[in-house]
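*Asks:* Just passing along the structure, written as structure tokens.
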Amino acid sequence: MKTRIFIGSSKEGLEIAEYIKLQLGTKYECYLWTDDIFKFNESFLYTLLKEASLFDFGILVATKDDLSTIRDKSFDTPRDNVIFEFGLFLGRLGPSRAFVIQESGAKLPTDLLGITVPQFEKTIPLANSTSLNNEIERISKTIDEKITLGELGLLPSTVLAIGYFYNFVSIVCESIHTKSDIKVDDAIFKKFELNIVIPKDLDADIKKRATVYFKSKTLKEIQFETSSRNFPVFVTYDNQSKDVLKLYDMPTTLGGIDKAIEMFMRKGHIGKTSQQKLLEERELRNFQTTLQNLIDNDAFCRNIVKIIQEE
């Protein structure tokens, strides 16, 4: 599941948008406004509002498209729709995930004063524009930094990951560290590994999905005792060495993402659209990122918890 980026521009700035897509396309899943973004029988605004929620980042290219007179002075300005779309992505994704890259000399709205806006000099060919290539690289580094962080968004993946961590993962790990050993099937274990299985998608009831997965792996269900309550977990171990007890869990709380997406999309049909599936991918990715950050920052968890993908 690659990070998805929307790249917008005016028709006049499309060449630069295409160049940015070319540079970033090897690392991310990039879409131009010309890439079948707009659907038949939907208004431009409705499509934009919906599509903005499907992307992890937005990059808008502000080129010198129009000559505008402001208070008796003439300025080269970007096309109005580019600024509008930047504002839309800014509102949907937040200031750390929406970028506007400005051609030198293009006047931006005064509301953006005080914000550091990447600027570039347009050259022919574009590959010779040192400033453009430098700014693309800076944006790429910022994106790389942001995708390692879990952030609160319109849908609930971050909150669900936090709840799952503190209500299950950290409790189990603390119990593991406070016990001298755990007995399963007359075997005593002193080493442990907790595997969190992230489903490939949300196309089925997660509880049923987990049952099918654990059965396919011939895992044994046990009641894992902690200071607060007993948790049903699935385990396996090497029958010969009986060295490491491997525990498995699939977060059933992920079903809340599916319900939230249905409400957000105002679903009135059976089945899933491509847009619903893209939202699911984004939220699953953010759930995993948030959970991994919490694990890495917990002394009890970081050495025994692994996040794995459903096979």
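Including glycine, each Cβ sits where the backbone N, Cα and C put it.
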*Asks:* Taking Pro199, Pro232 as the options, which does Swiss-Prot list with Phe168, Asp249 at the 3',3'-c-di-GMP site?
*Replies:* Pro232
*Asks:* For the domain 'TIR' (4-121), report the average pLDDT of the model, please.
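*Replies:* Averaging the confidence scores along the domain 'TIR' (4-121) gives 83.
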*Asks:* Output, ordered by sequence, the same-chain residues six or more apart from Phe168 (3',3'-c-di-GMP binding site) with a CB under 8 Å from its CB, or 'none'.
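*Replies:* When sequence neighbours closer than 6 are ignored, Phe168 (3',3'-c-di-GMP binding site) has Phe231, Asp249, Pro251 within Cβ distance under 8 Å.
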*Asks:* What is the Cβ neighbour count of Pro232 (3',3'-c-di-GMP binding site) at a 10 Å cut-off, with all protein chains included?
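*Replies:* Neighbour count, Cβ to Cβ under the 10 Å cut-off: 9.
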*Asks:* Centre the Cβ atoms of Phe168, Pro232, Asp249, go out 8 Å, and tell me which other residues of that chain have a Cβ in range of the 3',3'-c-di-GMP site.
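*Replies:* Nearby residues not in the site list: Val172, Phe224, Phe231, Val233.
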*Asks:* Per DSSP, to which secondary structure element type does Pro232 (3',3'-c-di-GMP binding site) belong, with helix, strand and coil as the options?
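*Replies:* Reduced to three states, the DSSP call for Pro232 (3',3'-c-di-GMP binding site) is strand.
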*Asks:* Around the Cβ of Asp249 (3',3'-c-di-GMP binding site), how many other Cβ atoms lie within 10 Å? Please give the count over every shown protein chain.
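*Replies:* A 10 Å sphere around the Cβ of Asp249 (3',3'-c-di-GMP binding site) contains 20 other Cβ atoms.
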